[in-house]
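As written in Swiss-Prot, here are the features:
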type	residues	note
BINDING	Cys29, Cys219, His244, Glu248	Zn(2+) binding site
BINDING	Lys278	ATP binding site
MOTIF	31-41	motif ''HIGH' region'
MOTIF	275-279	motif ''KMSKS' region'
Amino acid sequence: MTLRLFDTKAGALRDFVPLRSGEVGMYVCGPTVQASPHIGHLRSALVYDQLRRWLTYRGLAVTLVRNVTDIDDKVLANAAAAQAEGGSEQWWALAYRFEREFTAASVALGVQAPTYEPRATASIPQMQEIIQRLIERGHAYAAGDGSGDVYFDVRSWPAYGELTRQSADSMEAAADADPRAKRDGRDFALWKGRKADEPDSAAFPSPWGEGRPGWHIECSAMSRRYLGPRFDIHGGGLDLRFPHHENELAQSAAAGDSFANYWVHNGLVNVNGQKMSKSLGNSVSAAELLGAARPLAVRYSLGSAHYRSTIDYHDGSLSEAEAALERIAGFFERVDRRLAGTRFTGSGSEVVPIAFAEAMDDDLAVPQALAVLHETVRSGNAALDAEDLEAAAAARGQVFAMTEVLGINPLSPQWRQTGSSAAEQALGTLVERLLHNRQEARQVRDFVAADRIREELTGAGITIEDTPTGCHWSIEA
């Protein structure tokens, strides 16, 4: 069966055909690091981790780029507010602190490190190059009020609105800079001229004066830098469809780039039946979530619904996940104990059942895939009851394969070693970062550097295993 994904732009399921045979380029909008990460950030990271794992299992080499928006209005505003109350933390330090929180939470959930994780501030020249092209093509203009702002001219691009199937006339004005300098209220900022109350460190030189990039141009530039002018999948939360992704598509296409071939969006998170929001005071931080249960249960809970659905987090969510995981772990414990010393030990083929593959190929239907997983656990237990060790071994192999694909295998070294100590969590973060650096080296065929990282980890007692589902590590016994 061919993998099918719901493409937001097409408004329909489409067969997934990579631009290059055997390879997938995927860009995912990462966090804007103006505050601590919350449950919505983790849900999004987990969704694209599941997609990446399935593509990898299917034999595709995935290049995943997930950006970090480390400069924008909110980052600067939050840093300024903290300084007004007597703090001394600079905006870039605040952004880095929250970036580290997001990374640590992602590692705790078993989210594999992106191939590339660029910060917006490291791609300023690439952003300016796209802006210059847009000006030359007549799709952008510098504000005439001396502010240093540069805007995208929405009226110059008739296709504007194609992602969300809206007409420009039906859209409201963008509220991202002084509207008096715009030709049209719906025009959006590509470059924001420096303001008097903003720090020197947040201003970058440009042909239009010192300033900083608008939010939308950041992702267009970073995706192009790491994946090229055309790539396979652009992902992000449902709340980013408009205006962020609509603006990304318009400015990249107007600059002459084909951009993303598939647009994939994950659903949002409700808390106790209500939309999560600051005004309701019901936001659940990553720290709160990971403190409420072991990370494996959090991963199972957030990843058990269909990625496009809105999930509802409530008091019983994590206990339901724990119960499901106990059934899986209980089967592994029982079958391994019974098969020990028999000719069936290790005989089960670690291949997912056809029904599981069909579910995952059907727009990543994880709920149906989990149903297959739990049915296989039940049949495996029934085989043990009947002393059918061959069938039990086969079921074990299938359960192992399915839980590996979903990242919820309780036998995985990560989950066996997920403890409550800060030292263990710090070790996991450090090892994952080194593995990320190793993957980057391999991407550019710098095998000397990649081997050196592996040797350093081995010397520290860390075993590295490269598998079809990704790189796994464990501490040598």
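Counting starts with 1 at the first residue shown.
Using N, Cα and C of the backbone, Cβ positions are placed for all residues, glycine too.
Taking CA atoms as the reference points, Cys219 (Zn(2+) binding site) and Lys278 (ATP binding site) are 26 Å apart. For the recorded Zn(2+) site, residues Cys29, Cys219, His244, Glu248 set the reference point as the centre of their Cβ atoms, and the other residues of that chain within 8 Å of it by Cβ are Trp215, His216, Glu218, Ser220, His234, Gly236, Leu240, His245, Asn247.
Summarised as a single figure, the pLDDT of the motif ''KMSKS' region' (275-279) averages 81. Taking CA atoms as the reference points, His244 (Zn(2+) binding site) and Lys278 (ATP binding site) are 21 Å apart. Candidate binding-site residues: His244, Lys278. Fewest other C-beta atoms within 10 angstroms, Lys278.
Long-range neighbours of Cys29 (Zn(2+) binding site) (same chain, six or more residues apart, CB within less than 8 Å of its CB): Arg66, Asn67, Cys219, Gly235, Gly236, Gly237, Leu240, His244, His245. In this structure, the CA atom of Lys278 (ATP binding site) is 27 Å away from the CA atom of Glu248 (Zn(2+) binding site).
Listed in sequence order, His216, Cys219, Ser220, His234, Phe259 are the same-chain residues at least 6 apart in sequence whose CB falls under 8 Å from the CB of Glu248 (Zn(2+) binding site).
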